[in-house]
Amino acid sequence: MKRPSFLPVLIGTGFGSGFSPFAPGTAGALLASIIWIALYFLLPFTALLWTTAALVVLFTFAGIWAANKLESCWGEDPSRVVVDEMVGVWIPLLAVPDNDRWYWYVIAAFALFRIFDIVKPLGVRKMENFKGGVGVMMDDVLAGVYSFILIAVARWVIG
């Protein structure tokens, strides 16, 4: 098995969170949530939304590239590749409101994404049929979209 180069490892493992010995996918999603929370306190809310959207787009394409590189070294859809979980959890965070209950929405976004990612309902599992990095990324993107929808509905109902 050949050794992968540094940049695909850095991106694909979610800055190393994928090397967690326990639940690497959850570790990647947790790191992404922590990054988002830090940005929440550092940026004006509109800038946070634009930054989050940019992160989703950038890391989706970078994740496809990194996963393709890493699959050739580590095999198909390696558990250490968690950039997909990072992108997946950033998607529902786009629906988090800027109010005094924002942190409950962050917790809900994280939990809903992990549930959709693990259970893989409503076509999420079918996204894994795509080959290479696209298959690695797209199931988590769809899980993130479903989570986004539920967070948006919760915002509409709860406020």
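Every residue gets a Cβ built from N, Cα and C, even glycine.
Worth saying up front: this structure is predicted, and the values here are computed from it rather than measured.
Listed in Swiss-Prot for this protein:
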type	residues	note
SIGNAL	1-16	signal peptide
TRANSMEM	30-50	transmembrane segment
TRANSMEM	54-74	transmembrane segment
TRANSMEM	104-124	transmembrane segment
TRANSMEM	134-154	transmembrane segment
Beyond the flanks of the transmembrane segment (54-74) by 6 or more, those residues with Cβ under 8 Å of it: 1-5, 7-9, 11-12, 80-81, 83-84, 86-87, 90-91, 94, 132-134, 136-137, 141
For the transmembrane segment (30-50), sequence-distant contacts whose Cβ falls under 8 Å of one of its Cβ atoms, 6 or more beyond its ends: 14-15, 17, 85-87, 89-90, 93-94, 98, 102, 106, 109-110
